[in-house]
Amino acid sequence: MSGHRSTRKRCGDSHPESPVGFGHMSTTGCILNKLFQLPTPPLSRHQLKRLEEHRYQSAGRSLLEPLMQGYWEWLVGRVPSWIAPNLITIIGLSINICTTILLVFYCPTATEQAPLWAYIACACGLFIYQSLDAIDGKQARRTNSSSPLGELFDHGCDSLSTVFVVLGTCIAVQLGTNPDWMFFCCFAGTFMFYCAHWQTYVSGTLRFGIIDVTEVQIFIIIMHLLAVIGGPPFWQSMIPVLNIQMKLFPALCTVAGTIFSCTNYFRVIFTGGVGKNGSTIAGTSVLSPFLHIGSVITLAVMIYKKSAVQLFEKHPCLYILTFGFVSAKITNKLVVAHMTKSEMHLHDTAFIGPALLFLDQYFNSFIDEYIVLWIALVFSFFDLIRYCVSVCNQIASHLHIHVFRIKTSTAHSNHH
């Protein structure tokens, strides 16, 4: 079964590609399914075939992972066996996003002071996401429901969470008063996540460093709690020896982390891939993925610096979310390319949102840049969701599984 057949089913028929795996769809459900599903399946038959052969490979462990394993094992033991791993992941992501949106609501320019409970909620939301994200794979193995879809879903949620986590951190330390630093921190976060999967696309193995996601998440949780304890005076206070504001300390940590991580990533990338003649796992150039993330960052910098109305300075959260959704989509496409051993194509609807902003500036802001930013934000979010829903549904249909439900017997079982 290639996954192509079920996209032609009539509304009301049994629909194996339904995101939640329900058998019967109402008229409203059918309309939503068409709205959030691409007209043609995103993956070819050859890609689906190679996806079946994919096996998850990882190497290394971070500093806190051995210490957290006991807690994670205890936590997964409390989860009912009928709860699907992907459901655990999406619940954690939803909580993480909702708590960050609270901060965005109260601090749209990342310079305001939010209610103390909003910072506590954001810290708790991130801890919940970190916990649930860590146990989804354990739940998959525990219920014998591991699949390539689970791995893709996990990385896809992480790509979106990264955007909200770095944005929430910038808001917590009120980094909007230093727009250049805020811009750097947010894009450095998404760039590092992309590079992690870039080196996986090259080497075939996802590598974890001594300081990795878990450590960064714990550090960010501490930042939110410090915002509760110290408030604005704490972040505005000066660090004695360095003679800089305290709020720049997380930014300097981001610089150090970016240098450290990217050094390791590019060492793997430039060493050569596992493909023919040192190419990627798909047999393509090891440098080819740079075109995608490079295009996103270049457009983001140009639009930021050329704006006549200080678009980023006045609306940093909307700006970061817009380009964050674009980055999340191309990261997801990179993960799919790795798992299906296929080439990444540069032409993508993800670039339409940034292109609208660029063209509007080129024609001397024929339309208010703020309005175009909202259009780009909505389009980029819709484009991301549409792609993710389509890919997940097609893979679920092909593997004869459900996205958010565990089947009694699982036909395909890989490492999650």
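Even glycines carry a Cβ here, placed using N, Cα and C.
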Legend entry - N-linked glycosylation site according to Swiss-Prot, picked from N144, N277: N144
Legend entry - Distance, H155 (active site, proton acceptor) to T40 (phosphothreonine) (CA atoms, angstrom): 23
Inset, instruction - Could you pull out which residues elsewhere in the chain have a CB under 8 Å from any CB of the transmembrane segment (368-388), counting only those six or more residues past its ends? - result: 36-38, 42, 156, 160, 307-309, 311, 314-315, 318-319, 321-323, 325-326, 328-329, 332-333, 349-350, 352-354, 356-357, 360-361
Legend entry - Sorted by sequence, non-D133, D154, D158 residues with Cβ within 8 Å of centre, Mg(2+) 2: T89, L93, D136, H155, G156, C157, S161
Legend entry - Selected stretch (most C-beta pairs under 8 A with the transmembrane segment (116-133)) from 156-176, 180-199, 210-230: 210-230
